[in-house]
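Working notes, beginning with the structure itself.
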Amino acid sequence: MAAIYLSRGFFSREPICPFEEKTKVERMVEDYLASGYQDSVTFDDVAVDFTPEEWALLDTTEKYLYRDVMLENYMNLASVEWEIQPRTKRSSLQQGFLKNQIFSGIQMTRGYSGWKLCDCKNCGEVFREQFCLKTHMRVQNGGNTSEGNCYGKDTLSVHKEASTGQELSKFNPCGKVFTLTPGLAVHLEVLNARQPYKCKECGKGFKYFASLDNHMGIHTDEKLCEFQEYGRAVTASSHLKQCVAVHTGKKSKKTKKCGKSFTNFSQLYAPVKTHKGEKSFECKECGRSFRNSSCLNDHIQIHTGIKPHKCTYCGKAFTRSTQLTEHVRTHTGIKPYECKECGQAFAQYSGLSIHIRSHSGKKPYQCKECGKAFTTSTSLIQHTRIHTGEKPYECVECGKTFITSSRRSKHLKTHSGEKPFVCKICGKAFLYSSRLNVHLRTHTGEKPFVCKECGKAFAVSSRLSRHERIHTGEKPYECKDMSVTI
């Protein structure tokens, strides 16, 4: 075997192992490298072999360390030896792989077992499957896909150096040469774990050549597939199939649940998720259904009365942590959601969403009884209880019932006498934060609610609503005894 002159410093490197104390593998490797090989170093000199029993004694970190050190040694020695080979040897080595053992080494690595190996005659690049080679040749030679060879397990070329008997193994994608089959196997494993297909234009790496091929269309504007109907060109055949489907109206993908058809699988997946999202978790108390168990568990707390999330300011408890977070903002005054139209801020995003509809005038939820429209579905539900007379929320203190839970909550404070919201200017206390906000406008003079008809401004929205009835002539309140509207 040809010997290569290498100094000890060639192998100097930072410690791989995170331990302060060197492991037995690291010490063994350093012993090999520091044992006086000043004249020459061969592959056998730096190779550390373990018996199966010895290998079983190593932990995971030591095995990875062994792999890293051996890989570096193999790559360093191989690259140096490759450079000093005579030109005649180099040309003969470029013809293919050596020995059937090389194929066994490739099978040891992840991602290469069971495939044919195909190489390009022009650049020598190796591909795992023939279609990858054809795609590569199409890009390189403008459509000619004949300049390539494919090798199976039984057709790997065998070459022996008659003069020295030396056998070198070359893996074409990166040009590395190895004397030992295990060195090639370890090298292939690391190479496969990375992204071996690099774009020559921008340097971006890809795990599969097909991905690189599609990416190259960005730089070259190359359109390999063309739709004959109107001449549109696309970069991949899959895009062409979807393009044809759009113009022909062909919908080949069908969901089994409802029979609806789609042009591609991405469109098919959306309704499947809808079918999977059926509300299958049902509350045994009230029969209401939910999409998942977590929503059902939150709902059950309404029936049990458990409220684990407590406000540190006023002691109010909530069933969900999100409700507590929104409630705390009533104490801190934080309103992170601001309207871009008028600048009004809100403590909750839902409040901002509802407010935005006031600018557009959109009221998508309409009462079937009286035709009145609302901006939110909850407002419509609460309104329908006026017609039905339903009041599901009862006060545990006095038995009074309410249409909404918020009205019951406000009512409960009348029993406790608690007024947690205090004006910092005059010290007046209020039961509700909304009333404190209205009160503060008496100090600031702010009147944010403006009539669109006459321009008159009001501090409270309810007063604006009452004023607007002067212009519209609306009289929503009817006396049942006298049949008079007010």
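A Cβ is built for glycine as well, from the same backbone N, Cα and C atoms used for every other residue.
As the structure is a computational prediction, the values presented were derived from the model and not from experiment.
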What residue among LYS134, LYS207, LYS241, LYS424 has an entry for SUMO2 cross-link in Swiss-Prot?
LYS424
Between LYS223, LYS273, LYS368, LYS372, which does Swiss-Prot record as SUMO2 cross-link?
LYS273
Tell me which range among 31-53, 169-191 Swiss-Prot lists as zinc finger.
169-191
To which of the residue ranges 95-117, 118-140 does Swiss-Prot assign the term zinc finger?
118-140
The zinc finger (393-415): DSSP-derived helix, strand, coil residue counts:
11 helix, 4 strand, 8 coil
For LYS424 (SUMO2 cross-link), what is the secondary structure state per DSSP, taken as helix, strand or coil?
coil
Per-state residue totals over the zinc finger (337-359) - DSSP helix, strand, coil:
11 helix, 4 strand, 8 coil
Do any residues of this chain, six or more beyond the ends of the zinc finger (281-303), have a C-beta under 8 angstroms from a C-beta of it, and if so which?
319-320
So what's near the zinc finger (337-359) in sequence-distant terms, Cβ-Cβ under 8 Å and 6+ beyond its ends?
326, 329-330, 375-376, 448
